[in-house]
Amino acid sequence: MTEAQSEPTPDAAEATAPPHDANESEMKQENGDCKGSASEEKAPREFEPPEGGWGWVVMLASMWCNGSVFGIQNAFGILFVSLLKEFGSESDEDLRFKTAWVGSLSMGMIFFFSPIVSVFTDLFGCRITAVGGAAVAFVGLLGSSFVKSLGPLYFTYGIVFACGCSFAYQPSLVILGHYFKRRLGLVNGIVTAGSSVFTITLPYMLTGLLKSVGLAYTLRVLSIFMFLLMLAGLTYKPLLPKPVSSSKSGSRCPSLKRVFNMHIWRSLGYRIWAFGIPAALYGYFVPYVHLMKHVEERFGQNANKEVLLTCIGITSGVGRLIFGRVADYVPGVNKVFLQVSSFLVIGLMSMMIPLCHVFGGLIAVCLLMGLFDGCFICIMAPIAFELVGSQNVSQAIGFLLGMMSVPMTVGPPIAGFLRDRLGSYDVAFYLAGIPPIIGGAMLCLIPWVEARRKRKEAQIAADTTEKMLESKSSTQDTADDEMKTKDPESVI
C-alpha cells in the first residue's frame with residue numbers, strides 16, 4: 001500500500017475524527033496560527049531594486065541604445081544632403097520634399113510603434129524585445145545601404161529601421177526600474193545623456209565617412225551600431241517578479257487584460273500626464289526643425305548656424321545629468337514640477353527667437369533651451385514609475401510615446417506652412433511657444449490629484465481598520481456571553 005493510500009487525507013481525517021477536548025482544540029488552533037504565520041512569511045514582499053551591481057552594466061547598455069538610436073536620427077540632416085546628391089539634384093525642390101519624408105517617417109514611427117512595443121515588453125520581457133528590435137533595425141539599416149532609388153528607402157529606413165529602433169529603445173527605459181529606485185533619476189540622466197553625446201560627435205563622423213567611402217558604406221558602418229545594440233540588449237536581465245496570472249483555464253495565451261493594460265488609465269494623474277505632454281509638444285520641436293533656416297534668413301548663408309546645434313546638444317546632456325540627480329531628491333509625483341519648469345522655459349525661449357537680432361542672443365537662447373530639454377527628457381521614466389508603479393510602467397511609457405508621435409509629426413509642418421504664407425518664421429516661433437506653456441500648466445494638476453487620491457485611500461484604510469476592530473470586539477463579546485450561558489458555574 002502506498003503512502004497516499006495508507007494515510008487519510010486531512011479532510012477525511014477531520015470528518016472521521018472523534019470530538020476533541022478543549023486542550024486539543026486549543027493546540028489545533030495554535031497549529032493553525034503557525035501555518036498562517038508561515039504562509040505570511042512566504043508571501044512576496046515589495047520588490048527592492050539592488051541600486052547597483054549588474055545594474056551599472058545595464059545602465060551603460062541603455063546609454064548605448066539611446067545614443068545610437070537618437071544619434072542616428074538627429075544626424076539625418078547630414079545624410080539628407082548626401083541623399084540629395086545620390087538620387088537627384090539639390091536644386092530640385094520636389095526632391096527635397098520627398099527626401100525629407102524619409103527622416104520624418106523614421107522619427108515618427110519610433111514613437112508610433114511604442115504602444116505595441118509596451119505589449120511585447122510585458123509579454124516577452126525587456127531582453128527578448130530589445131534584442132529582436134535591434135536585429136530588425138540592423139536588417140533595415142543594412143538593407144538601406146543596397147537601395148538604388150529613393151522609393152524603397154521609405155520602407156527600409158523609414159519603417160523597418162524605425163520599427164526596430166522603437167522595439168530596442170523602450171525596454172532600455174523599463175529595465176532601469178528593475179535595478180534602481182533611489183538613484184533612478186540620476187541613472188536616467190546618464191542614460192539619456194547618451195543621445196546628447198552621439199548627437200554632438202556623430203555628425204562629424206558621418207561627414208568624414210561620406211567623403212571617404214560614400215553613402216552606402218556609411219550606412220553599413222551605422223548598421224554595426226545596431227549589431228552592438230543587439231549585444232547590449234542581452235544584458236537586460238529582468239529582476240521584477242512576474243505578476244501571477246489569475247486564469248484557471250490553463251491556456252498558454254495571455255488574457256486580454258494583460259495584453260492591453262487598461263488599469264493605468266484609471267489613474268487620473270496618469271491621464272493628465274498622458275494628454276498634457278503631447279499637448280505641449282505641438283510647439284516643442286519647431287525650433288529644432290526650423291531654427292537653421294531662420295538663421296540663414298536673418299544672418300545670412302555664412303552664419304555659423306551649426307554652433308547652435310552644438311550648444312543645444314551640450315547643455316541638453318548637462319541638463320540630463322543635473323536634473324536627473326535633482327529628481328532623486330524630489331519626493332513622489334512632485335517631480336512633475338521639474339517638467340512644468342522645463343516646458344515653461346522652452347516655451348519662453350521659443351518666443352524669444354524672433355526677438356534676437358544679435359547672434360550671441362541666439363546662442364544664449366539655445367543654451368537655456370538645451371538645458372531644460374534635458375530636464376524634460378530625463379525624468380519621464382521616474383514620473384511614470386511614480387504614477388503607475390513598476391509593474392505597469394512599460395505600457396504607461398508606451399502609450400505616452402505613441403501619443404507623442406502625433407504632435408512631433410504635425411507641429412513642424414504647421415510652422416513651415418505659416419512661413420510659406422507669411423514670409424517669415426516670426427509668427428511660427430511665437431505660436432510655437434504657446435503649447436509648451438499650456439501643457440505645463442496642465443501638468444500642475446497632477447500633484448494635487450495624487451495627494452487627494454492618497455488622502456481618500458488613507459481614509460478608506462482607516463475606516464476599514466476601525467470596522468474590523470469593532471467587528472472583532474463584538475465577536476469577542478458574543479463569545480463571552482455564550483460561554484457564560486453554557487457554564488453558569490463559571491460565574492460563581
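Heads up, the Cβ atoms here are built off N, Cα and C, so glycines get one too.
Whatever TrEMBL says is automated annotation, not expert-curated.
The annotation compositional bias 'Low complexity' is assigned in TrEMBL to 7-20.
TrEMBL lists 21-48 (among others) with the feature compositional bias 'Basic and acidic residues'.
Summarising the annotation, TrEMBL assigns compositional bias 'Basic and acidic residues' to 481-492 (among others).
Annotation comment: TrEMBL describes 262-492 as domain 'Major facilitator superfamily (MFS) profile'.
Positions annotated as region 'Disordered' by TrEMBL: 1-48 (among others).
Here TrEMBL flags 462-492 (among others) as region 'Disordered'.
Per TrEMBL, the feature transmembrane segment maps to 54-80 (among others).
The annotation transmembrane segment is assigned in TrEMBL to 100-121 (among others).
Per TrEMBL, transmembrane segment is recorded for 128-147 (among others).
Under the heading transmembrane segment, TrEMBL lists 153-177 (among others).
Here TrEMBL flags 184-205 (among others) as transmembrane segment. Nonlocal intrachain contacts for the transmembrane segment (184-205), taken as residues 6+ away from its ends with a CB within less than 8 angstroms of a stretch CB, comprise 55, 59, 62-72, 74-75, 77-78, 172-173, 176-177, 309-310, 313-314, 316-317, 320-328, 330, 335, 374, 377-382, 385.
The transmembrane segment annotation in TrEMBL covers 217-236 (among others).
What TrEMBL records for 268-287 (among others) is transmembrane segment.
Residues or ranges marked as transmembrane segment in TrEMBL: 307-324 (among others).
Remote same-chain partners of the transmembrane segment (336-355), defined as residues 6 or more beyond its termini with a Cβ less than 8 Å from a stretch Cβ, comprise 273, 277, 280, 283-284, 286-287, 291, 294, 323, 326-327, 330, 361-362, 365, 368-369, 372-373, 375-376, 379-380, 383, 425-426, 429-430, 432-437, 439-441, 443-444, 446-447. Taken from TrEMBL, the feature transmembrane segment covers 336-355 (among others).
Annotation source TrEMBL lists transmembrane segment at 361-385 (among others).
If you look at the transmembrane segment (153-177), the same-chain residues 6 or more away from its ends with a CB under 8 A from one of its CBs are 49, 55, 58-59, 61-62, 65-66, 69, 73, 83, 101-102, 105-114, 117-118, 120-121, 126-127, 129-130, 132-141, 143-144, 147, 184, 187-188, 191, 226, 229, 233, 236, 238, 240, 380-381, 385, 390, 393-394, 397-398, 401.
Here the listed stretches are 54-80, 100-121, 128-147, 307-324, 397-415, and the one with the most C-beta pairs under 8 angstroms to the transmembrane segment (427-449) is 397-415.
Counting Cβ pairs under 8 Å that are 6 or more residues apart, the transmembrane segment (217-236) and the transmembrane segment (54-80) reach 3 or more and are in contact.
Where the transmembrane segment (268-287) meets the stretches 54-80, 307-324, 361-385, 397-415, the count of C-beta pairs under 8 angstroms peaks at 397-415. For the transmembrane segment (100-121), same-chain residues at least 6 beyond its ends with a Cβ under 8 Å from one of its own Cβ atoms are 69, 73, 76-77, 79-80, 83, 129, 133, 150, 153-154, 157-159, 161-163, 165-167, 169-171, 174, 259-260, 394-402, 404-405, 408-409.
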